[in-house]
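Student: This is the structure, below, for whatever I ask next.
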């Protein structure tokens with residue numbers, strides 16, 4: 001019978017998933033020399049710091065109350081443990097890639113007058129391990145029939161022996177019980193998924209998504225039908241007189257036809273606009289690839305941090321997409337400073353990411369959390385960007401510049417811009433941003449809760465098919481709303497649609513950040529500087545990513561729509 005290695009990993013407050021510390025930072029049984037397990041990049045990013053434990057577990061060999069170690073805890077160490085238990089610290093062990101969770105101790109509040117506050121340390125753990133053939137299927141730990149060692153002030157030392165000077169002597173023990181399972185090794189991820197140390201909240205998932213889907217289909221149906229009817233009437237009205245040309249339309253006309261000589265006038269801040277389109281295209285590629293990889297089963301609960309590693313590798317590799325899209329379009333709209341455009345594109349997201357990470361990592365480092373990345377990992381990530389990400393952006397940019405054709409505009413643009421009439425309040429940018437941001441957000445708000453519960457909570461996200469549907473819905477709603485808002489803008493003879501189309505649905509990011517504040521306050525129990533810094537820092541970055549993605553989609557949808565309607569006018 002061979003030994004099964006049990007690794008201790010991390011501890012932290014139950015309600016702060018991202019605030020984790022090495023298990024051996026607590027006064028617990030530890031070997032004289034700590035041997036760490038070599039970890040993957042994804043595991044390091046996930047805050048894992050696995051080290052070998054003192055637990056001697058032999059395959060299929062039951063043990064009863066085996067002594068792990070004897071510890072004499074100083075008064076300071078007892079206070080440290082008491083504080084950890086009162087903060088609801090839980091531990092994570094790993095046995096054959098299976099995470100095992102349990103609480104460090106026990107806390108009980110009872111009575112009002114007199115009020116009692118009991119704190120106890122679990123000094124005995126029962127390991128229950130399921131096996132099939134020669135492989136481990138599942139493992140968990142229980143303290144069902146165990147009495148905790150009291151740690152509250154002036155407690156009697158039941159299970160622990162009081163030593164002079166306020167110190168306490170405790171003996172840590174453990175039992176191991178093996179159970180045969182009929183589940184094959186290939187399906188053991190299902191067993192872990194069905195086990196619930198952390199609460200489950202995904203039962204109503206399908207129903208709520210179907211509800212959201214119906215609403216979105218109705219919304220898109222209304223938008224498309226109304227636009228088609230309105231456009232049909234416009235074409236019938238504008239194409240009555242066929243003897244006009246693209247350059248001299250009867251000045252008696254009004255609406256979007258009259259601004260045909262201005263609608264393709266290139267916008268201010270071309271370089272920034274193209275950089276946003278490039279980064280948006282990169283994240284669309286990245287998000288699609290991650291969801292498809294998840295659907296193919298490449299991320300399961302046993303592959304610690306696999307999704308983190310995949311996201312970093314894909315971010316570096318898809319940098320060529322941002323360079324190509326940005327520089328190609330920049331060249332089309334007569335941009336001259338293409339080198340500056342490539343630099344702006346490569347730093348538009350990486351600069352905010354680096355700044356946010358620096359602040360978050362510094363807070364983790366100061367507090368001693370395992371979420372602070374080691375120097376080697378920092379240099380590895382920096383190297384990935386400098387040696388892969390940035391060069392690919394440059395290569396993509398050069399290819400895009402050389403392959404860019406001329407800008408396809410159905411009408412010529414006059415030299416002198418037309419005066420824009422005063423617009424009513426409901427056509428102002430803020431109103432369009434409110435409408436264009438709220439509708440895509442409402443389409444994904446249900447799914448957003450589950451994503452937050454996965455990233456910032458304890459859920460294992462498994463329904464990637466639903467995620468793909470919601471992702472498609474989000475992009476469809478963004479495109480349709482942008483087209484509708486662009487039509488309303490042009491019908492008011494305002495041709496400044498370039499930036500407006502990006503901002504109108506790009507404002508979804510603002511709604512997502514506001515939702516994250518709501519989630520933090522009302523849907524989670526997170527607290528403290530470490531957790532709050534990480535949560536709000538990365539929520540801001542998430543909102544930025546959504547803004548780039550949706551801004552890019554809505555811009556291309558609006559451009560395609562404008563080319564279509566002006567090409568459909570009879571101006572020959």
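Cβ coordinates come from backbone N, Cα and C, glycine included.
Feature annotation from TrEMBL assigns transmembrane segment to 206-228, 272-299, 311-331, 338-360, 372-399, 429-452, 464-490, 497-520, 540-566.
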Student: Ranking 206-228, 311-331, 338-360, 372-399, 429-452 by the number of C-beta pairs under 8 Å to the transmembrane segment (540-566), which range is first?
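Tutor: Per the Cβ count, the answer is 338-360.
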Student: In the same chain, who gets a Cβ under 8 Å from the transmembrane segment (338-360) while lying at least 6 residues past its ends?
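Tutor: For the transmembrane segment (338-360), the sequence-distant neighbours (Cβ-Cβ under 8 Å, at least 6 residues beyond its ends) are 271-272, 274-276, 278-279, 283, 319, 322-323, 326-327, 330-331, 385, 389-390, 393-394, 397, 401, 533-534, 537-538, 540-541, 544-545, 548.
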Student: Under a criterion of three or more Cβ pairs within a distance under 8 Å and sequence separation of at least 6, are the transmembrane segment (429-452) and the transmembrane segment (311-331) in contact?
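Tutor: No, since the transmembrane segment (429-452) and the transmembrane segment (311-331) share fewer than 3 Cβ pairs closer than 8 Å, they do not count as touching.
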Student: Between the transmembrane segment (464-490) and the stretches 206-228, 272-299, 311-331, 372-399, 497-520, work out which stretch tops the count of Cβ pairs under 8 Å.
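Tutor: By Cβ pairs under 8 Å, 206-228 leads among 206-228, 272-299, 311-331, 372-399, 497-520.
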Student: Between the stretches 206-228, 311-331, 372-399, 497-520, which one has more Cβ pairs under 8 Å with the transmembrane segment (272-299) than any other?
Tutor: 311-331
